[in-house]
Amino acid sequence: MAAVVLENGVLSRKLSDFGQETSYIEDNSNQNGAISLIFSLKEEVGALAKVLRLFEENDINLTHIESRPSRLNKDEYEFFTYLDKRTKPVLGSIIKSLRNDIGATVHELSRDKEKNTVPWFPRTIQELDRFANQILSYGAELDADHPGFKDPVYRARRKQFADIAYNYRHGQPIPRVEYTEEEKQTWGTVFRTLKALYKTHACYEHNHIFPLLEKYCGFREDNIPQLEDVSQFLQTCTGFRLRPVAGLLSSRDFLGGLAFRVFHCTQYIRHGSKPMYTPEPDICHELLGHVPLFSDRSFAQFSQEIGLASLGAPDEYIEKLATIYWFTVEFGLCKEGDSIKAYGAGLLSSFGELQYCLSDKPKLLPLELEKTACQEYSVTEFQPLYYVAESFSDAKEKVRTFAATIPRPFSVRYDPYTQRVEVLDNTQQLKILADSINSEVGILCNALQKIKS
């Protein structure tokens, strides 16, 4: 079992699956230079007391400690600790004592981003808990130019939503929210205005699923749907699920969630003074823009392919994948017969840009990921150009082809039964995959024979 040490915001792990490969994760949440140490102990009387005694004997200042049952060994508990940065000179001997004298399993990590390192990535859906609260902006705090910056009631409300997201853990139902009348009015304005455009501007997949969301998830002008209801609906359609988040995540963390068919979703709504504008993703953007397409099997698979491609990818490729995501999932157009329709959530949740993108003003180019990945884009204005996909299936194959160019010493696949990402870097893993494929092919052949007869 791997152990984890986090020092000065840099986390890296040796993965037994990668031989001598090392992985790292950069994280700026720990600004005081403290060292984070994760270790596991057998569930027995006095086990933690031995560790605390070891720290005391070596004059180590323990500033924070959390515990939880181990997800890998039901007979152990995991402890997450912060140690004073002055611990560094004796850290090696402490880890040795934890292992040899106390019998702890220490999650050991390299503390440098070295050559041939692989960025850390979640291997289980539960590990999304590790970074879900490491938001880059907004959350409970607002920039001075935010429409709600000077509104103390709105800021307090945002803190309530942020607290829900911070306290959420995988497997829990998403807490239900009683939205205010003002919030419902804001939603109603956005809902009514956008719905009028969908029939002529949105893609078939969006228009096909939208009535089902109205029927089963409470998508109405006078009602803001609950994330838990929508998440349950998504799981029955494509296996995607929603997870509340307080604000913007890093590209690596956000894309990593997609690999597990998890969409990090905001629960708050934009400020009522500007119902047709938001400087950040809000529940209008998430539910009206993203959710209908995540309910489509082909689009869900396409989105997951982007997420899987991001796992263990170098930083420069994360930037490319984030750009691909921007020009597809957020601002993508697709062919539909002789017409072009919008499928990007940024378009489907913006009244102005949804009209603009299908006018003669922007430039339209075919989706070529090698070029798309390097294209600059604006986050404050309408896009000067959009990329047009032939179909979601075609876009999915292009993502797979692009993923093959990413320099990483392994391939990955998602196992929906265990909700784990499997690293395919040895013959045993490949044999398991081959057996799985063989079983599926057998089912296919059997079904074809019955259809013919």
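Using the three backbone atoms N, Cα and C, a Cβ is placed for every residue, glycine included.
According to Swiss-Prot, the feature Fe cation binding site maps to His285, His290, Glu330, an assignment based on experimental evidence. Applying an 8 A CB threshold to same-chain residues 6+ apart, the list for His290 (Fe cation binding site) reads Phe263, Cys265, Val329, Ala345.
Sequence annotations record features per position, and here Swiss-Prot assigns domain 'ACT' to 36-114 based on sequence analysis. Mean per-residue pLDDT, taken over the domain 'ACT' (36-114), amounts to 81.
Taken from Swiss-Prot, the feature N-acetylalanine covers Ala2, and the record attributes it to similarity to another entry.
The feature phosphoserine is assigned by Swiss-Prot to Ser16.
Around the Cβ of Glu330 (Fe cation binding site), a 10 Å sphere holds 21 further Cβ atoms from the protein chains shown.
Neighbouring residues of the recorded Fe cation site, listed in sequence order and excluding His285, His290, Glu330, comprise Pro281, Glu286, Gly289, Val329, Gly344, Ala345, Gly346, Leu348, Ser349 (Cβ within 8 Å of the Cβ centroid). Within its own chain, His285 (Fe cation binding site) has Thr266, Thr278, Ala345, Gly346, Ser349 as residues 6 or more apart in sequence whose C-beta sits under 8 angstroms from its own.
According to its DSSP assignment, Glu330 (Fe cation binding site) is helical. Look at His285 (Fe cation binding site): DSSP puts it in a helix. The secondary structure of His290 (Fe cation binding site), as reduced to three states from DSSP, is helical.
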